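*Asks:* Quick one: the structure is below, and I'll ask about it shortly.
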Amino acid sequence: MYIEMLLSSIAGLGLFLYGMNLMANGLQKVAGNKLKGFIKTLTKNRLMAVIVGMFVTMVIQSSSATSVMVVGFVNASIMTVSQAIGILFGANIGTTITGQMVSLNLSQIAPIAIAGGLILRATTKNNQLKDLAEILIGFGILFLGINYLKDSLSPLKDSPAFASLILNYGDNPFIGVLIGILMTLILQSSSATIGVLIALASQGILPFSTALYIIFGDNIGTCTTAVLSSLGTSNRGKQVALIHVTIKVIGTVYFMLFLQGILTDVVQQIDPNNIPRQIANAHTIFNVLNVIVLFPFANYIVKFAEWVLPDDTDEDESYEFRSYLDPLILVTPSIALKNTLYEFISMATEANKTIRYATIAIKNRDKDYIQKAYDSEDNVNRFEKSIVEYLVQISQQNVSSEDLMVIDELFNTANDIERISDHAENIADFATALIDKGIELDEEVTEELDYVFDLVYRGYSFSIDALSTGDMKKVAEVVEIEREIDRLKITIRDKHMKRMHKGKASPESGVFVMDLLSNLERISDHFRNIAETVKKLDPEMIG
């Protein structure tokens, strides 16, 4: 009997987790751009960060995933530790939504939700409606799973061994907390632990007093994912995990010492004879009240974490080499995609150095700048490799069709920036020839080339500004600059050819000027491509 019950329970729990994951995937696709926009509001104030944390966790259906994402943000220096604590507060509240849903016993509408989702997915070509269908199917499977889990656990009602276990150990707070920690550690989901408790309580085999201790342990156990994910990060990333643990442990301690009886009375008055609802409400009240109590002390909690785990001494010095491509953020692909744009800006800035070094090498006939250009080009290649690999990783997640289109465009953008750097490297090669062969350039062509250099600087700068801000005026300016460079290439080439025919310029200078103009023109083509990519991207993705 017990083996059959165990297998059935695992199947029910699997359906529950699968449904929750499916619903979360659909919600992420529907709310993807809103997630990106919400994250931008973090800089406003900590209360706003709490709201963001609630929203994100409700969408991705996992406070563990939110905490892992926040560890990644802080590790990548996208977010400060002070901002992160607000997100963690919000995540603690947002994670209670699933428990509230499960406790409402909506299993009777599960088949309707699944049928509606399947019909909608089969009959529509609209991507947003398909995402809605995924949410409905996930919602239905979640409740089918919890209902199946309840039925699977029903034999425990007649089990003397289970009754004896509850009788002997059910009132032991330390055992209850330990069970809660272990359950959440094994299931990797506090919502799943609450779901199991509700399933047991619905069969009348788990008293609220025992469930409450497990709830306390569940709240501590949910921190393990963030702790494990922080092990390979900087101390700032580890500080976030420590803060997460600190919030939960402090809450558990003062609730068990001072508020346990009050909490029990409150939830029993709200739903006198409904233990599943009492469990869900206790979970919600614990987390909401804990946020209210600890919110005023947020700065002290941050200082405590910084005292226990001081910032690495080399963190500030290495800031410019930080990568925004943290694998921890892949749990929310839409946000990971947004962060990729930050990495593009870093790559583009490095490519700008390659252009500057190469052209300065020509202007000053300075071989030191030639080597700087080569070194910078190597850095650009490394950026491209890491960005492309990260985009591939994002594409392998559950992403919307719109985000897949964005990924395709960003692959092209990575190639454009890398090709710009390649052409700048060619210009550095020409500088070597200019110096080694002693090629002389007359004053007129020198002034003309300097003007083209300035246009390239401006055009490339505008294209990167457009990519980082979505400014369509900059896009239009880039297009005009690219056309001007195309025109100047022909004009300068023809004028220099005439000077060569008149003996005012050497054939070697002619080859140099032609090659240089060709590469400058190709750079302008690529930065125009970058600017025009902005037209194809969602403004919320860029801004």
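Here, residue 1 is simply the first one shown, and the rest follow in order.
Note: Cβ is positioned from N, Cα and C throughout, glycine not excepted.
Checked TrEMBL, it gives:
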type	residues	note
DOMAIN	346-430	domain 'PhoU'
DOMAIN	461-534	domain 'PhoU'
TRANSMEM	6-24	transmembrane segment
TRANSMEM	45-62	transmembrane segment
TRANSMEM	68-90	transmembrane segment
TRANSMEM	102-120	transmembrane segment
TRANSMEM	132-149	transmembrane segment
TRANSMEM	205-228	transmembrane segment
TRANSMEM	240-263	transmembrane segment
TRANSMEM	283-302	transmembrane segment
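Neighbours and distances for these, please.
*Replies:* Note on the domain 'PhoU' (461-534): its mean pLDDT in the predicted model is 93.
Sequence-distant contacts of the transmembrane segment (6-24), counting only residues of its own chain at least 6 positions beyond either end whose CB sits under 8 Å from a CB of the stretch, comprise 59-62, 98, 134-135, 137-153, 187, 189, 191-192, 195-196, 199.
Away from its own ends, the transmembrane segment (132-149) comes close to residues 8-9, 11-27, 29-30, 101-102, 106-107, 109-118, 120-121, 124, 195-196, 198-199 of its chain (Cβ-Cβ under 8 Å, at least six residues beyond either end).
Listed by sequence, the residues of this chain that lie at least six past the ends of the transmembrane segment (240-263) yet keep a Cβ under 8 A from its Cβ atoms are 67, 70-71, 74, 81, 84-85, 88-89, 92, 173, 177, 212, 216-217, 219-220, 222-223, 226-227, 229-230, 282, 285-287, 289-290, 293-294, 301-302, 304-305, 308-309.
Long-range contacts of the transmembrane segment (283-302) within its own chain (CB-CB distance under 8 A, at least 6 residues past either end) are made by residues 46, 50, 81-82, 85-86, 89-90, 92-93, 95-96, 99-100, 194, 215-216, 218-219, 239, 243, 246-248, 250-251, 254-255, 259, 263, 266-267.
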*Asks:* Under an 8 Å Cβ to Cβ limit, what residues of the same chain, 6 or more beyond the ends of the transmembrane segment (102-120), are close to it?
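*Replies:* For the transmembrane segment (102-120), the far contacts come to 129-130, 132-144, 146-147, 191, 194-195, 198, 202, 276-277, 279-281.
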